[in-house]
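As written in TrEMBL, here are the features:
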type     : residues : note
TRANSMEM : 20-41    : transmembrane segment
TRANSMEM : 197-219  : transmembrane segment
TRANSMEM : 231-253  : transmembrane segment
DOMAIN   : 232-477  : domain 'GOST seven transmembrane'
TRANSMEM : 265-285  : transmembrane segment
TRANSMEM : 300-326  : transmembrane segment
TRANSMEM : 333-350  : transmembrane segment
TRANSMEM : 370-390  : transmembrane segment
TRANSMEM : 411-430  : transmembrane segment
TRANSMEM : 450-472  : transmembrane segment
Amino acid sequence: MGQTPRQIHGSDLLSDGYKIILFALSFMSYCSIVQVGASIHEYHTESFIRRSNSFFFHGGSEGLYASKPHSENDKLVSEDKPINGKSFIRFESVTFRRTKQSAEQKNEMQQRTGLVEAIILEVRDRDKIGGSYLNSDAICCTPELAKDGSCKVGEVIIHQNLDNPNGPQRIQAFFEGKNEELTMPLHTVEINSTGMYYLYFMFCDPELVGTVISGRAVWRNPDGYLPGKMAPLMTFSGLVSLAYLVLGLVWFLRFVQYWKDIMQLHYHITAVIALGMCEMALWYFEYANFNATGSRPMGITIWAVTLTAVKKTISRLLILVVSLGYGVVRPTLGSITFKIVLLGVTYFVASEALELVEHLGNINDFSGKARLFLVLPVALLDACFILWIFSSLSKTLEKLQIRRSMAKLELYRKFTNALAVSVLLSVAWIGYELYFNATDPLSELWRRAWIIPAFWTLLAYIILVVICVLWAPSHNPTGYAHSEETGDDFDEDSIPLTGSGVKVAGDLSTVLERKERKASLAAADHHVFGLSEDLEEDKRE
């Protein structure tokens, strides 16, 4: 006789999920606490790009709130902290280095032999840069444009509005003699108007071609270094962490109250609640540290990012195994456990890569193309999860209808309706997100940007609450737990990862009914005609 194949239980799947967590945590333990760019925009020998008759380098862009007004008492209190309540952009050790050939062409006795300008403007003032109001495409002032005295030759054209003192600002720095390097003095520009600000370093002299920039610029909001579009996320993370804590306390009380009737599925739910609470708490402290120092320690950021990826993976696996009927219509997951674990590991790796690019490159804007490349695998894997979940729910509902398990059927109908609503909301929100990004290419709506990621966090929490309510521990777990009367070990291996191959459960139900009829007829024959005794005698012979 062949060996009976080993049955794989849901607890094995959870163990595999924990192995993913342990692997991630072991990876993070090797990460040293390295500071990465945040509200501190760093420049490392960057080159200038030609545009029209100018050369420019994009020094950064962020949403900044206006500085808070201070009373005399506030000024006395904050003398030791002059940046308290101030919003500013500060240039620190910004150095320009021109080519040796360019420097040698200059007169050593001449004081100013090359001009570089730092231009700070709010996005709504972008039309005030260049000669558009002079009916010219030039960005730098030419002798022809300077005839009417509206600009100076060799400088960037800025149309100043005398009624708006918070318009574009320029900071000028000059090379001297034959010096190859120019270091800007420490300079702070206070921000007195709320908006999305852009910083450009520009020069107009073609002889400065080949000049590179190094140094850094520090951006700060009134309440800290956290960028304006991320500031609400700190408060949001703290509130959601408290929400997970409340959910965890309620769940723990139910867990203790009915501990004798706990199913394996309840441990899975407990793990997801704990992961969610730790994840949001870690994000809160990461934002708080970012806000206080202006830099993001790589170690803390990777911990938060990895915990997010682990929680997202385990949450999706939880919904999947529930949809497969684990613990309700089937005691084991059978041969499909390997596929589930493989999908989970793949999703974790893709999600981890995407989260790292999003959060480690959130300020210096180097993540645009990389993010676009990494979004596609995560979207496809999410689609696989959705199709597999709903195809599994379809088979589970049909099985419960065949067995007339009304209590379980009602439970799964509610769960299916909740998931369907969440999918519809997700599709609608994705449409809104695409519209938001398409209509706001310059981030003018930066104060609303935090709502986009916050929605997904809130939706995941709501789905978890629904699962906790439907599968809450109780005195009568047999109402929705697996029992031999209603659970057969049919193989779900036929459920594919795409909706096109979903099999109808009618064939399965027909086979089961035939087996039941044969068994009942055989039992009746044995009872009426005494065939059981004859069979026993045949066996003895």
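FYI, residue positions are counted from 1 along the chain as it appears here.
Each residue, glycine too, has its Cβ placed from N, Cα and C.
What you are looking at is a predicted structure, and each value in this text was computed from that prediction instead of being measured.
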Statement: For the transmembrane segment (265-285), the candidate among 197-219, 231-253, 300-326, 411-430, 450-472 having the most Cβ pairs under 8 Å is 300-326
For the transmembrane segment (450-472), distant same-chain residues with Cβ under 8 A (at least six beyond the ends): 229-233, 236, 240, 243-244, 247, 250-251, 254, 265-266, 269, 272-273, 276, 280, 312, 315, 318-319, 322, 411, 414-415, 418-419, 422, 425-426, 429, 433, 436, 480
Field: Close approaches to the transmembrane segment (231-253) from elsewhere in its chain (Cβ under 8 angstroms; 6 or more beyond its ends)
entry: 221, 223-224, 269-270, 273-274, 276-277, 280-281, 283-284, 287-288, 291, 450, 453-454, 457-458, 461, 464-465, 468, 472
